[in-house]
Each structure stands twice: as structure tokens, then as C-alpha cells.
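A.B. asks: Structure in C-alpha cells, see below.
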Amino acid sequence: PEKDVVLLAGACLLPPLHCTREAMAGVTGAVEWVFALYFLTHIPITLIIDLQALLPGAGIYPQSLMELLKWYAVTFKDPMMLEPPAWFKSFIYCEAFLQMPFFPIAAYAFLKGGCKWIRTPAIIYSTHVATTVFSILAHILFHDFSASKHQGPETQQERLTLVAIYAPYLLIPILILFTMLYSPQYNQVEKKKKK
């Protein structure tokens, strides 16, 4: 009897399960648009800015785009984009050859909404990117840039400003990961029909 009273009291405090699922589906729909926008904007950023770090002086990019990269690196004190360390270059190679082909696929899936087939690739993508960006953020926060050829962040404010630029590329993949793992829309296990 006491157990029944506790369960009944708890049931009165919680919304009905179907209401929670409907609310979660609505939130998931809005978040899918954020994901689609993230992937759509990531395509030109990768092609126009990020890949320049792999191809400096190759004559592929027009002067205006090279100046844009230099302006960004000088203004926000991001020497990694002008003279990337080998570990940073490896992340850009991953972005170019592993992530870039995924961007339009993911943008399509999230624009369409509810595409359950994107779940596993999105989990792989989000864990990979969150791991690499976490390393970049740690480098920004703790590395001594005094020996860098190009000026890096010196003050805590400069470091935090640069972290703020990279942070969305950590936060959105983490949100993608949690959505894929916990949203009923993507984490719903279909029951196999018995023959």
C-alpha cells in the first residue's frame, strides 16, 4: 500500500508520457533545423577558410580569400590557421576527406527531418568532431604561444575570445550526439514482427 501511494504521488507530479514524447518531438524538429544550418554553413567555411591551412600559397585561392584568412588569424590571434602544427593539420585532413563528404548528406537528412538512417553516421561524426575540437580548445587555453611565428592569444580574454569562435564546433556536435542517443525520434527501437 505505501508503495502504491508513492507511485501515485509520483505519477501526479509527472506529465503524461505521451505529452513528454510530443514535446520532445517538437524540440527535436527545431533542433534538426539548427543541425541542418550547421552543416550547410560548414561547407563554405571548410572550402573557403579551413582548407587554406593545408594549401598555403598553392595559388588555388584568390587573394581576397587569402586576405580574409589572414585578417581572421591576426584579428582573433589564431596562429594555427596560418602555420598549423602537424596535429592540427591532421584534423583539417579529417575535415576535408571524412567530414566534408558527410556535410551535404547530414544537411539533407536534418532538413528532411526524422531520417533514422542518419543516427549512426551522426554519432560517429559528433564524437570525432567533439574529440578533435576539445583538443583544439585545450591547446588554445593552455599552450604558450610566445614562440609562434604568428601572434597567438596572450591574455585570458584573447584566449576566451578564440575559444568562443571554436566552441560552436564542440557544442553543436555534442547536441547532435545527445539527440541521436536520447531523442525518441532517433533512438526508437523498432519491434521485429514475429512470423
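Backbone N, Cα and C define each Cβ position, glycine as well.
Annotations in TrEMBL come from automatic prediction, not curation.
Straight from TrEMBL, here's the annotation block:
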DOMAIN    31-177  domain 'EXPERA'
TRANSMEM  35-61  transmembrane segment
TRANSMEM  90-111  transmembrane segment
TRANSMEM  123-142  transmembrane segment
TRANSMEM  163-182  transmembrane segment
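Looking at the shown structure, can you explain where the listed features end up?
C.D. replies: Residue counts for the domain 'EXPERA' (31-177) under DSSP (helix as H, G, I; strand as E, B; rest coil) come to 114 helix, 0 strand, 33 coil.
A Cβ distance under 8 Å defines the sequence-distant neighbours of the transmembrane segment (35-61), meaning residues of its chain 6+ beyond its ends; these are 68-69, 72, 80-82, 84, 88-89, 92-93, 95-96, 99-100, 103-104, 106-107, 110-111, 168, 172, 175-176, 179.
Sequence-distant contacts of the transmembrane segment (90-111), counting only residues of its own chain at least 6 positions beyond either end whose CB sits under 8 Å from a CB of the stretch, comprise 32-33, 35-36, 39-40, 42-43, 46-47, 50-51, 53-54, 84, 117-118, 121-122, 125, 128-129, 132, 135-136.
For the transmembrane segment (163-182), same-chain residues at least 6 beyond its ends with a Cβ under 8 Å from one of its own Cβ atoms are 28, 31, 34-35, 38, 76, 78, 118-119, 122-123, 125-127, 129-130, 133-134, 136-137, 140-141.
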